[in-house]
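Copied from TrEMBL, the annotated features are:
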type: ACT_SITE; residues: His15; note: active site, proton donor
type: BINDING; residues: Asp51; note: (6R)-10-formyltetrahydrofolate binding site
type: SITE; residues: Asp51; note: site 'Essential for catalytic activity'
type: DOMAIN; residues: 226-303; note: domain 'Carrier'
type: BINDING; residues: 479-481, 505-508, 538-543, 558-559, Lys665, 712-714; note: NADP(+) binding site
type: ACT_SITE; residues: Glu581; note: active site, proton acceptor
type: ACT_SITE; residues: Glu581; note: active site
type: ACT_SITE; residues: Cys615; note: active site, proton donor
Amino acid sequence: MDIIDSPKHGSIIYHPSILPRHRGASAINWTLIMGDKKAGFSVFWADDGLDTGPILLQRSCDVEPNDTVDALYNRFLFPEGIKAMVEAVQLIADGKAPCIPQPEEGATYEGIQKKENAEISWDQSAEVLHNWIRGHDKVPGAWTEINGQMVTFYGSTLLNSSVPPGEPLEIKGAKKPGLVTKNGLVLFGNDGKALMVRNLQFEDGKMIPASQYFSAGETSVVELTAEEVKVAETIKVIWAGILSNVPIIEDSTDFFKSGASSMDVARLVEEIRQKCGGLQLQSEDVYMATKFEDLIQKVVRKLRGEDQEAELVVDYVSKEVNEMMVKMPYQCFINGQFTDADDGKTYNTINPTDGSTICKVSYASLADVDKAVAAAKDAFENGEWGRMNARERGRLMYRLADLLEENQEELATIEALDSGAVYTLALKTHIGMSVQTFRYFAGWCDKIQGSTIPINQARPNRNLTFTKKEPLGVCAIIIPWNYPLMMLAWKSAACLAAGNTLVLKPAQVTPLTALKFAELSVKAGFPKGVINIIPGSGGLAGQRLSEHPDIRKLGFTGSTPIGKQIMKSCAVSNLKKVSLELGGKSPLIIFNDCELDKAVRMGMGAVFFNKGENCIAAGRLFVEESIHDEFVTRVVEEIKKMKIGDPLDRSTDHGPQNHKAHLEKLLQYCETGVKEGATLVYGGRQVQRPGFFMEPTVFTDVEDHMYLAKEESFGPIMVISKFQNGDIDGVLQRANNTEYGLASGVFTRDINKAMYVSEKLEAGTVFINTYNKTDVAAPFGGVKQSGFGKDLGEEALNEYLKTKTVTLEY
């Protein structure tokens, strides 16, 4: 390659604008100020004019609604600019460099904006105000007058969700007061739409979070101990080394007004960490405390632990039960805080053991959903969670799993109270598998990776193609009432491991373990906004989640009709990604060569496990003719030994159904079976005692056309059909004659028969000589109208990730 020098080739210049749109030193800023939809850069030949030389090459990118100068620079202008300069040099060396004269039409020159010219003019739309503020961030800073003082705004975003509550703030020239909220200062355009700024800077250079405007002056000065004075002196020496132009570092010395830059911030943070015993400041700490005395106060508060966020305030409902004091949160959990519903509405959650009210629970409104989504979005885009490395994310999830395990007795007790789960089963399965799920996915956090892909080379150039696995953003999760905590864990653990934030709606009738989980997530150290729990109605809160434009993925477990409605709403709103685990009518085929004792025991578990409130429950048993009668006799004998009663009694086998409406539906199901001619062998009635108890039930002589053969009961009802000896293909045809395909099972000693049947069964899971054997490492999900997508295992991660393909030429 020739050496490029000015006499032979001329000089080339990189300019951060699509010339001639914006010329001058503030071109990037004016791209945002003017609301341009495209940004980019030009490489041009130098001339005697001002950015007017002929263009060699240009590149452009889309400007996102909340892009800042830094975001554009880091995402496109810097990395693509380097590649473009290399390409330009190569074009020059090859003698192929274009020289395209710049048109004068549309050309503008914008010099560096002066502070006095950056004042905000309020009679404009929210989008124009937003563009003005972000275009002047960080220099010189868009400003306005508040209470007679110049206040500069930083960190603007358009507010697409509902306006959160806050304290009014009068702003000179604004027709409508701003609102100081927990998330920042909300401002209003003349079109009624809103934006939010995160940080404010006063005339003296002090910068604060906008949310702290009314409390900014309330912090008292702390007196330093002898040890803290030594730390302050060490930091003063570090300042002196950076600010070599300042003779003496005084309390009033301002870091940036003394000439420091952003690079100096990185040096300051690292030197303090190295020389002050590992003290870890954030860059934001320096920007928020620019004077020496203010930074020392911040450092001392951090050393004393006073800078931690306020301790979580939980208004519990407490009950002395199961030989322990159970403390249950009952409010919405939004942005790291428990809070009443926006409109104050509540509803009763009922103990199915006796029908009594456990407590009143907040009934989330549409405004609460919007606030929860906004908190999750902010945590993903701007919060600590979005910047956290994968291994640290895994550490938080391991800690959360430990806390779930440490509190397993209380969680199992709440599960028994709220859902009717037998305590011993809740301890092992409801809570135990939840712990295992979080531990499993915690281990995946730092193992999510893409791949390199060989592609055809366009000679003489070479290409590198690789993929990246990235989180989707804000995810909504809607769970059922049969395994309240376990269903939460199955979906949210994969969601969080992938790096997303979430808004979860528990079933209306079983919200309490989800809210207890929220409390434990704070203790584990999850940043605010990452996890949000909104109890309430599926028709209101759930529907809003499926329609919300800021949600990128929705995971749902529930009925097939509701799943179809959710899928429609997700498609119409913003085509969000969906995974659905829906209804089932799982067939269990029992051949005459099975181990009968095991088939009876596990067949009962396949139906009666968790009171039959089990998505993979065997909805229909096909028993080979020669063993049919003996199988039924043994099942009835075993049912008679089952103890029905208080789920907190350690000897109880069978607890109450989850809620009254479900019990009534099951009784109607049995009545329909009798009317259609099926034989009711045992049960079919409500147990005569307080609460929502139902007898374990057995039907035989169920023919393929009957309601019992086609529809899921989701209760303790065994539906038995007989099939002819040796008719393998016939029973398979009957087993597959359903629109559902969640699970299935087969009992036989013949391994060839077992494998043949497992291949032919149309289901997401097949159990052979066992049942209900799920594991956190094994993917779980259905086919046909039982839904699509997977929970558990590595495949579950893909439900909460997107794949980006990157190809570069070199």
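From the backbone N, Cα and C atoms, a Cβ is placed for every residue, glycine too.
Overlay of TrEMBL annotations on the structure.
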| residue | record | contacts (Cβ under 8 Å, 6+ apart) |
| --- | --- | --- |
| Ile479 | NADP(+) binding site | Met487, Leu488, Lys491, Leu504, Lys505, Pro506, Ala507, Ala514, Thr557 |
| Gln508 | NADP(+) binding site | Tyr347, Trp481, Pro535, Gly536, Ser537, Gly538 |
| Leu540 | NADP(+) binding site | Ala364, Ser365, Leu366 |
| Gln543 | NADP(+) binding site | Gln565, Ser569 |
| Glu581 | active site, proton acceptor | Phe556, Thr557, Gly558, Cys615, Leu742, Phe780, Gly781, Gly782, Ser786, Gly787, Gly789, Asp791 |
| Lys665 | NADP(+) binding site | Gly715 |
| Phe714 | NADP(+) binding site | Asn482, Gly612, Glu613, Asn614, Ala617, His662, Leu666 |
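Ranking the recorded positions His15, Lys505, Cys615 by how many Cβ atoms sit within 10 Å of each one's Cβ puts Lys505 at the top.
Secondary structure of the domain 'Carrier' (226-303), assigned with DSSP and counted as helix (H, G, I), strand (E, B) and coil, comes to 49 helix, 2 strand, 27 coil.
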